[in-house]
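Read the structure below first, then the notes.
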Amino acid sequence: MHGSCSFLMLLLPLLLLLVATTGPVGALTDEEKRLMVELHNLYRAQVSPTASDMLHMRWDEELAAFAKAYARQCVWGHNKERGRRGENLFAITDEGMDVPLAMEEWHHEREHYNLSAATCSPGQMCGHYTQVVWAKTERIGCGSHFCEKLQGVEETNIELLVCNYEPPGNVKGKRPYQEGTPCSQCPSGYHCKNSLCEPIGSPEDAQDLPYLVTEAPSFRATEASDSRKMGTPSSLATGIPAFLVTEVSGSLATKALPAVETQAPTSLATKDPPSMATEAPPCVTTEVPSILAAHSLPSLDEEPVTFPKSTHVPIPKSADKVTDKTKVPSRSPENSLDPKMSLTGARELLPHAQEEAEAEAELPPSSEVLASVFPAQDKPGELQATLDHTGHTSSKSLPNFPNTSATANATGGRALALQSSLPGAEGPDKPSVVSGLNSGPGHVWGPLLGLLLLPPLVLAGIF
């Protein structure tokens with residue numbers, strides 16, 4: 001009996017772990033947060049034409065908490081109480097959030113946007129794209145939540161993603177950024193890094209600062225000239241690839257904590273006159289050469305960037321498309337993937353959207369609105385579609401938003417994208433749905449699996 005109790009005590013943590021790991025997922029992981037910021041900055045650095053005033057974007061926990069709180073409400077529509085915050089929405093009926101897919105959905109709208117005229121093609125959405133590349137926006141915070149029922153959408157079991165931005169973008173009549181040489185118009189107090197304007201003294205700069213390293217017990221002395229010992233062993237560090245060392249010449253070396261440099265692939269080592277070391281256990285170098293680490297970070301403008309792999313095929317598409325996806329690694333947004341079938345939705349503005357657009361047109365010019373609410377009647381400008389779709393394409397009208405069931409059969413995962421806007425500027429919010437083959441409400445099977453496994457495990461412990 002004692003053995004059975006011990007066995008059950010061992011099984012209990014395993015059962016709790018099983019239920020915890022297979023339950024509904026809804027919060028963004030640290031990796032997904034990092035990926036969201038990285039993809040925003042990659043897209044911002046690679047805009048064409050190049051931007052002269054594009055700010056580096058960073059994560060903001062307050063915005064993330066605000067976005068998460070709204071995501072918990074499970075509403076497919078923009079937050080009316082978001083104040084002076086920009087907002088992008090994305091939803092997917094699949095097992096967890098797909099950050100690269102969400103970013104590509106938003107960024108693909110660039111082919112409908114005319115930068116010179118600051119207009120969007122009639123019937124298209126550009127608000128996601130313009131918010132992503134809005135030069136003055138430099139803070140982002142996102143939150144996701146699993147919704148068994150998303151208000152405004154007939155589909156069930158949906159993962160909703162909300163991203164908020166500060167300062168907000170999508171100002172009526174204004175371009176997202178100024179064309180020109182990258183970083184040529186950075187604000188005062190900013191410097192250029194990877195074609196983006198980054199604040200001087202930001203946390204990202206910490207790894208670029210040199211550190212004084214006088215203790216290196218893990219390295220062997222390979223050369224010593226005119227060095228003196230004063231009670232402690234001394235050595236000449238001839239190669240320290242993991243550290244950055246400032247010049248120490250003819251001065252006493254004091255003990256300092258070694259600083260680890262995460263990116264220092266190359267270094268130039270020079271010899272300096274020997275320096276005296278006072279007593280400092282366990283080991284103090286008496287001659288420390290100056291090592292200048294030359295960072296060789298790849299430029300975002302020199303070659304195409306391959307984005308992190310996704311469990312889906314992130315085929316960039318307009319915000320009112322339906323595209324099948326399979327389990328294939330993600331590729332660069334500049335490459336198209338075939339052979340997919342896309343259904344292009346209706347291009348007409350919905351009646352309620354037209355009424356809102358007319359009402360918004362009466363506001364002062366300084367009001368911030370979504371660019372695509374007022375589509376231009378002239379032809380699309382210089383930004384052309386760079387992606388080739390080789391699948392069979394047919395047209396199909398959406399009966400009315402937010403009913404998305406008419407755009408695809410409920411046979412797999414779907415993604416919904418709602419354009420970015422500011423309060424009072426909601427436009428033709430037509431969702432896009434992405435169908436998949438091996439998706440589904442995986443959150444249902446987790447608890448059931450735990451319940452099915454519980455009786456056999458208990459019986460095994462008793463007998």
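Just so you know, glycine gets a Cβ as well, placed from its N, Cα and C.
What you are looking at is a predicted structure, and each value in this text was computed from that prediction instead of being measured.
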Among ranges 22-41, 182-201, 262-281, 422-441, whichever one Swiss-Prot labels region 'Disordered': 262-281
For Asn114 (N-linked glycosylation site), the number of other Cβ atoms found within 10 Å of its own Cβ: 19
Counts by DSSP class (helix H/G/I, strand E/B, coil) across the domain 'SCP' (37-165): 40 helix, 38 strand, 51 coil
